[in-house]
Amino acid sequence: MIVTIDGVAASGKSSVSSGVARALGIPYVSSGLLYRAATLLGLEAGVDLHDAQALLALLDTHAPRLEPLAEGNRVWAGERELTDALHSSRVDAGVSVVAVLPELRAWVDAQLRTLPEPFVAEGRDMGTNVFPQAGAKFYLTASPRIRAERRARERPEDIPAIEAALIRRDAKDKVQSAPAPDATVIDTGPLTLEGVIGVILEGLGKGS
Ligand SMILES: Nc1ncnc2c1ncn2[C@@H]1O[C@H](COP(=O)(O)OP(=O)(O)OP(=O)(O)O)[C@@H](O)[C@H]1O
Ligand SMILES: Nc1ccn([C@H]2C[C@H](O)[C@@H](COP(=O)(O)O)O2)c(=O)n1
(Lines of atoms letter the chains of each structure in order from A and count residues from 1; the text may use other names and numbers.)
(Lines give C-alpha, C1' and ligand atoms only; values in the text may rest on other atoms or scores of the structure.)
(Ligands and ions follow the chains in the order given, each with its own letter.)
Protein backbone atom coordinates (compact mmCIF):
# COMPACT_ATOMS: atom_id res chain seq x y z
CA MET A 1 0.00 0.00 0.00
CA ILE A 2 1.17 3.53 -0.79
CA VAL A 3 -0.42 6.65 0.76
CA THR A 4 0.62 9.98 -0.78
CA ILE A 5 0.63 13.30 1.09
CA ASP A 6 1.50 16.21 -1.18
CA GLY A 7 1.21 19.93 -0.53
CA VAL A 8 2.77 23.37 -0.61
CA ALA A 9 5.96 24.31 1.27
CA ALA A 10 5.73 24.11 5.07
CA SER A 11 2.12 22.91 4.96
CA GLY A 12 3.02 20.14 7.42
CA LYS A 13 3.77 17.33 4.97
CA SER A 14 6.66 15.75 6.86
CA SER A 15 5.17 16.16 10.37
CA VAL A 16 1.80 14.83 9.22
CA SER A 17 3.35 11.99 7.20
CA SER A 18 5.45 10.95 10.18
CA GLY A 19 2.34 10.88 12.42
CA VAL A 20 0.29 8.92 9.89
CA ALA A 21 3.17 6.51 9.23
CA ARG A 22 3.68 5.89 12.96
CA ALA A 23 -0.04 5.25 13.44
CA LEU A 24 0.02 2.76 10.55
CA GLY A 25 3.32 1.20 11.66
CA ILE A 26 5.01 1.83 8.30
CA PRO A 27 7.80 4.20 7.12
CA TYR A 28 7.31 7.51 5.41
CA VAL A 29 9.35 8.80 2.50
CA SER A 30 10.29 12.48 2.21
CA SER A 31 10.98 13.09 -1.47
CA GLY A 32 11.93 16.75 -0.91
CA LEU A 33 15.00 15.63 1.03
CA LEU A 34 16.50 14.16 -2.14
CA TYR A 35 16.08 17.50 -3.96
CA ARG A 36 17.56 19.18 -0.91
CA ALA A 37 20.53 16.77 -0.87
CA ALA A 38 21.28 17.51 -4.54
CA THR A 39 21.08 21.24 -3.75
CA LEU A 40 23.36 21.01 -0.73
CA LEU A 41 25.98 19.02 -2.66
CA GLY A 42 25.78 21.54 -5.50
CA LEU A 43 26.18 24.52 -3.16
CA GLU A 44 29.11 22.90 -1.34
CA ALA A 45 30.86 22.11 -4.63
CA GLY A 46 30.19 25.63 -5.94
CA VAL A 47 28.47 24.39 -9.10
CA ASP A 48 25.80 26.34 -10.96
CA LEU A 49 22.47 24.97 -9.66
CA HIS A 50 21.02 25.29 -13.19
CA ASP A 51 23.66 22.87 -14.52
CA ALA A 52 21.95 19.46 -14.49
CA GLN A 53 24.98 17.56 -15.80
CA ALA A 54 27.26 18.97 -13.08
CA LEU A 55 24.68 18.08 -10.41
CA LEU A 56 24.22 14.56 -11.79
CA ALA A 57 28.01 14.08 -11.70
CA LEU A 58 28.00 15.08 -8.02
CA LEU A 59 25.12 12.67 -7.31
CA ASP A 60 27.10 9.95 -9.05
CA THR A 61 30.13 10.64 -6.86
CA HIS A 62 28.36 11.11 -3.51
CA ALA A 63 25.40 8.75 -4.12
CA PRO A 64 23.10 10.28 -1.48
CA ARG A 65 20.54 7.83 -0.15
CA LEU A 66 17.34 8.23 1.82
CA GLU A 67 16.70 6.30 5.02
CA PRO A 68 12.89 6.37 5.29
CA LEU A 69 12.08 5.89 8.98
CA ALA A 70 8.63 6.60 10.48
CA GLU A 71 10.06 8.94 13.13
CA GLY A 72 11.99 11.05 10.63
CA ASN A 73 13.86 10.55 7.36
CA ARG A 74 17.65 10.74 7.22
CA VAL A 75 19.92 11.28 4.23
CA TRP A 76 23.41 9.87 3.92
CA ALA A 77 26.25 10.39 1.47
CA GLY A 78 28.54 7.47 2.22
CA GLU A 79 29.33 7.69 5.96
CA ARG A 80 28.38 11.38 6.17
CA GLU A 81 24.90 12.28 7.39
CA LEU A 82 23.48 15.27 5.48
CA THR A 83 20.10 15.47 7.28
CA ASP A 84 20.75 18.42 9.61
CA ALA A 85 22.20 20.56 6.81
CA LEU A 86 19.21 20.11 4.49
CA HIS A 87 16.84 22.65 6.08
CA SER A 88 18.98 25.80 6.02
CA SER A 89 17.63 28.98 4.41
CA ARG A 90 20.44 28.66 1.82
CA VAL A 91 19.17 25.24 0.71
CA ASP A 92 15.54 26.52 0.86
CA ALA A 93 16.49 29.34 -1.52
CA GLY A 94 18.29 27.08 -4.04
CA VAL A 95 16.20 23.93 -4.04
CA SER A 96 13.45 25.18 -6.36
CA VAL A 97 16.06 25.83 -9.06
CA VAL A 98 17.24 22.23 -8.83
CA ALA A 99 13.73 20.76 -8.54
CA VAL A 100 12.60 22.05 -11.95
CA LEU A 101 15.42 20.28 -13.82
CA PRO A 102 13.92 17.26 -15.65
CA GLU A 103 17.17 15.28 -15.22
CA LEU A 104 17.08 15.81 -11.46
CA ARG A 105 13.39 14.90 -11.27
CA ALA A 106 14.13 11.66 -13.14
CA TRP A 107 16.98 10.89 -10.69
CA VAL A 108 14.72 11.44 -7.63
CA ASP A 109 11.81 9.48 -9.14
CA ALA A 110 14.08 6.52 -9.88
CA GLN A 111 15.33 6.49 -6.25
CA LEU A 112 11.76 6.60 -4.91
CA ARG A 113 10.44 3.85 -7.16
CA THR A 114 13.00 1.36 -5.81
CA LEU A 115 11.58 1.60 -2.27
CA PRO A 116 9.66 -1.41 -0.94
CA GLU A 117 5.97 -0.91 -0.04
CA PRO A 118 4.18 -0.14 2.21
CA PHE A 119 4.99 3.53 2.91
CA VAL A 120 3.58 7.04 3.12
CA ALA A 121 5.19 9.27 0.45
CA GLU A 122 5.26 13.04 0.84
CA GLY A 123 6.25 15.79 -1.57
CA ARG A 124 4.70 17.68 -4.47
CA ASP A 125 4.02 15.11 -7.19
CA MET A 126 3.79 11.83 -5.27
CA GLY A 127 0.10 11.36 -6.15
CA THR A 128 0.29 12.73 -9.68
CA ASN A 129 3.58 11.64 -11.23
CA VAL A 130 5.57 9.25 -9.07
CA PHE A 131 2.91 6.99 -7.55
CA PRO A 132 -0.32 7.61 -9.53
CA GLN A 133 -1.40 4.10 -8.50
CA ALA A 134 -1.38 5.01 -4.76
CA GLY A 135 -4.32 3.65 -2.77
CA ALA A 136 -5.05 6.95 -0.99
CA LYS A 137 -3.98 10.52 -1.78
CA PHE A 138 -4.06 13.69 0.32
CA TYR A 139 -3.01 17.28 -0.39
CA LEU A 140 -2.22 19.81 2.38
CA THR A 141 -2.67 23.58 2.11
CA ALA A 142 -2.60 26.57 4.48
CA SER A 143 -2.19 30.30 3.92
CA PRO A 144 1.38 31.63 3.57
CA ARG A 145 0.97 33.59 6.83
CA ILE A 146 -0.03 30.56 8.86
CA ARG A 147 2.78 28.49 7.37
CA ALA A 148 5.27 31.28 8.11
CA GLU A 149 4.07 31.55 11.72
CA ARG A 150 4.61 27.81 12.18
CA ARG A 151 8.02 27.85 10.50
CA ALA A 152 9.16 30.88 12.53
CA ARG A 153 9.25 28.59 15.56
CA GLU A 154 12.12 26.67 13.98
CA ARG A 155 14.04 29.35 11.99
CA PRO A 156 15.90 32.53 13.02
CA GLU A 157 14.18 34.77 10.39
CA ASP A 158 11.08 36.83 11.22
CA ILE A 159 7.55 35.95 10.05
CA PRO A 160 7.29 38.46 7.14
CA ALA A 161 10.66 37.33 5.73
CA ILE A 162 9.66 33.65 5.98
CA GLU A 163 6.26 34.39 4.44
CA ALA A 164 7.86 36.21 1.49
CA ALA A 165 10.29 33.31 0.93
CA LEU A 166 7.42 30.78 1.06
CA ILE A 167 5.41 32.76 -1.51
CA ARG A 168 8.47 32.86 -3.80
CA ARG A 169 9.03 29.09 -3.39
CA ASP A 170 5.31 28.31 -3.98
CA ALA A 171 5.52 30.20 -7.29
CA LYS A 172 8.71 28.40 -8.39
CA ASP A 173 7.35 24.96 -7.38
CA LYS A 174 3.90 25.54 -8.92
CA VAL A 175 4.41 23.46 -12.07
CA GLN A 176 4.98 20.19 -10.18
CA SER A 177 2.70 21.00 -7.23
CA ALA A 178 -0.85 20.55 -8.54
CA PRO A 179 -3.03 18.23 -6.45
CA ALA A 180 -3.96 14.89 -7.99
CA PRO A 181 -7.59 14.99 -9.21
CA ASP A 182 -8.36 12.09 -6.87
CA ALA A 183 -6.63 13.62 -3.81
CA THR A 184 -8.50 14.78 -0.71
CA VAL A 185 -7.49 18.43 -0.17
CA ILE A 186 -7.13 19.45 3.51
CA ASP A 187 -6.84 23.09 4.63
CA THR A 188 -4.64 22.63 7.71
CA GLY A 189 -5.02 26.29 8.77
CA PRO A 190 -7.73 25.71 11.38
CA LEU A 191 -6.40 22.30 12.47
CA THR A 192 -3.74 21.19 14.93
CA LEU A 193 -1.11 18.75 13.75
CA GLU A 194 -2.91 15.93 15.57
CA GLY A 195 -6.15 17.11 13.96
CA VAL A 196 -4.72 16.78 10.43
CA ILE A 197 -3.31 13.34 11.23
CA GLY A 198 -6.74 12.35 12.57
CA VAL A 199 -8.53 13.51 9.40
CA ILE A 200 -6.18 11.41 7.26
CA LEU A 201 -6.46 8.32 9.46
CA GLU A 202 -10.24 8.72 9.33
CA GLY A 203 -10.01 8.90 5.52
CA LEU A 204 -7.98 5.69 5.57
CA GLY A 205 -10.60 4.00 7.73
CA LYS A 206 -8.14 3.88 10.67
CA GLY A 207 -9.68 6.62 12.83
CA SER A 208 -10.21 6.07 16.57
N1 LIG B 1 -1.62 21.64 11.65
C2 LIG B 1 -0.55 22.17 12.21
N3 LIG B 1 -0.69 22.98 13.27
C4 LIG B 1 0.37 23.57 13.82
N5 LIG B 1 1.66 23.40 13.42
C6 LIG B 1 1.86 22.59 12.39
C7 LIG B 1 0.78 21.93 11.73
N8 LIG B 1 1.30 21.21 10.72
C9 LIG B 1 2.64 21.40 10.75
N10 LIG B 1 2.97 22.22 11.76
C11 LIG B 1 4.32 22.72 12.05
O12 LIG B 1 4.68 23.50 10.90
C13 LIG B 1 6.08 23.37 10.67
C14 LIG B 1 6.27 22.92 9.21
O15 LIG B 1 5.84 21.57 9.12
P16 LIG B 1 6.63 20.51 8.23
O17 LIG B 1 8.11 20.71 8.34
O18 LIG B 1 6.08 19.19 8.57
O19 LIG B 1 6.15 20.97 6.78
P20 LIG B 1 6.61 20.48 5.34
O21 LIG B 1 5.44 20.66 4.46
O22 LIG B 1 7.19 19.12 5.42
O23 LIG B 1 7.76 21.54 5.05
P24 LIG B 1 8.77 21.64 3.79
O25 LIG B 1 7.94 21.83 2.57
O26 LIG B 1 9.61 22.84 4.04
O27 LIG B 1 9.57 20.37 3.77
C28 LIG B 1 6.60 22.41 11.73
O29 LIG B 1 7.11 23.17 12.79
C30 LIG B 1 5.37 21.65 12.17
O31 LIG B 1 5.46 21.18 13.50
N1 LIG C 1 8.12 15.61 -4.94
C2 LIG C 1 8.77 16.78 -4.78
C3 LIG C 1 9.32 17.14 -3.55
C4 LIG C 1 9.96 18.32 -3.45
N5 LIG C 1 10.07 19.13 -4.51
C6 LIG C 1 10.80 20.37 -4.44
C7 LIG C 1 9.98 21.54 -4.07
C8 LIG C 1 10.64 22.15 -2.88
O9 LIG C 1 11.01 23.49 -3.12
C10 LIG C 1 11.88 21.32 -2.61
C11 LIG C 1 12.01 20.85 -1.20
O12 LIG C 1 10.83 20.16 -0.81
P13 LIG C 1 10.23 20.28 0.66
O14 LIG C 1 11.28 19.79 1.59
O15 LIG C 1 9.90 21.71 0.87
O16 LIG C 1 9.03 19.40 0.63
O17 LIG C 1 11.84 20.23 -3.49
C18 LIG C 1 9.51 18.79 -5.71
O19 LIG C 1 9.61 19.54 -6.68
N20 LIG C 1 8.88 17.60 -5.83
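Every residue gets a Cβ built from N, Cα and C, even glycine.
Nobody curates TrEMBL annotations by hand; they come from automatic prediction.
The feature domain 'Cytidylate kinase' is assigned by TrEMBL to 3-202. Annotated ATP binding site per TrEMBL: G7, V8, A9, A10, S11, G12, K13, S14, S15, in sequence order.
Recorded features from TrEMBL, shown on the structure.
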| residue | record | Cβ contacts under 8 Å, 6 or more apart |
| --- | --- | --- |
| G7 | ATP binding site | K13, E122, R124, Y139, L140, T141 |
| A9 | ATP binding site | R147, L166, R169, D170, D173 |
| S11 | ATP binding site | L140, T141, A142, R147, T188 |
| S15 | ATP binding site | L193 |
Determine the binding-site residues, out of G7, A9, S11, S15, lying near ligand 2 in the sense that the CB is under 6 Å from one of its atoms, and give them in sequence order.
A9
